[in-house]
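Undergrad: Below are the features listed in TrEMBL for this protein:
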- 35-56: transmembrane segment (TRANSMEM)
- 76-97: transmembrane segment (TRANSMEM)
- 128-147: transmembrane segment (TRANSMEM)
- 154-174: transmembrane segment (TRANSMEM)
- 194-212: transmembrane segment (TRANSMEM)
- 224-242: transmembrane segment (TRANSMEM)
- 262-282: transmembrane segment (TRANSMEM)
- 294-319: transmembrane segment (TRANSMEM)
- 331-348: transmembrane segment (TRANSMEM)
């Protein structure tokens, strides 16, 4: 299947924004939820589901299941190797780990290394930023069943079930499942609630599947919808940056309704509104989304994401503290170098895939007679 440059470009953009936000440098003030109660994480989840729905085109369940298992295994391997890297880093440099901002979540590695190793390999212990890949691993394994339901015309039922899971997550579904199972506090299972965030991925797969099939009817798009969405998005933008203006307007807590880890209901609405506006922009002006560098990063999102994760720990352990007392200049330069270095894992992975393709396409040597 030919890659979608616009999707890759958006995914690459979200990777860059995510890196700047996680890096915590001076640019974070510009990249952290500038358009409302929406971060790069929501966009990345939705786009990953969309790309999956577009890519899984095999008609047979077994073919889709085989591909999904292969991809899930690859994602898990990236996660496991990354975890082992951080595990070794903490063991080799315990003082740096103790002085880091994330020392609370790394404590188990220092005090109970065997438990940390076993739980980490089982994805039940997740240090900072280690919750995304285990979630993707599980979600990709479910994809064959989603695609099969879509092929049978049960897409609406799938979406309603997924939305129901999101609804139950608001009432503490994750805590009910995990509290009796694990010796770890909830915070060490990761920041994101899988029961809530799965909805964005499932919605993305449904949109992607319907975008490539001929039997699926388009959703209604009345002329009045666009201005309504635009007005609502603008109001949420104001609420995000000027919350005092809305304190006496909304009969609920904006902070709770836009809570990120459980994907609060107002945040979800904001995500859907911006998704609609972005889709309209891509449809009307596709040339605006031909960002080659971002598309290059997005086409190799897994190695780029993993690289950014490992670099965050290296910078936190060995670089961040020495420059913390400096002015903005060195921190800004470090952030820019970090962003530019994302090209490296994408380039390495690109060349690896090219060599693998060439090797596969070479004719087999036959013995001479």
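Heads up, the Cβ atoms here are built off N, Cα and C, so glycines get one too.
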Undergrad: Can you say which of 128-147, 154-174, 262-282 has the most Cβ pairs under 8 Å with the transmembrane segment (76-97)?
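TA: The listed stretch sharing the most Cβ pairs with the transmembrane segment (76-97) is 128-147.
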Undergrad: With Cβ distances under 8 Å as the criterion, find the stretch in 35-56, 154-174, 194-212, 262-282, 294-319 that has the most pairs with the transmembrane segment (224-242).
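TA: Answer is 262-282, with the largest number of Cβ pairs below 8 Å.
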Undergrad: Tally Cβ pairs under 8 Å between the transmembrane segment (35-56) and each listed stretch (128-147, 262-282, 294-319, 331-348), then give the stretch with the top tally.
TA: 262-282
Undergrad: Could you tell me whether the transmembrane segment (294-319) and the transmembrane segment (194-212) have 3+ CB pairs under 8 A, leaving out pairs under 6 positions apart?
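TA: Judged by the Cβ rule, the two regions do not touch, with the required three close pairs absent.
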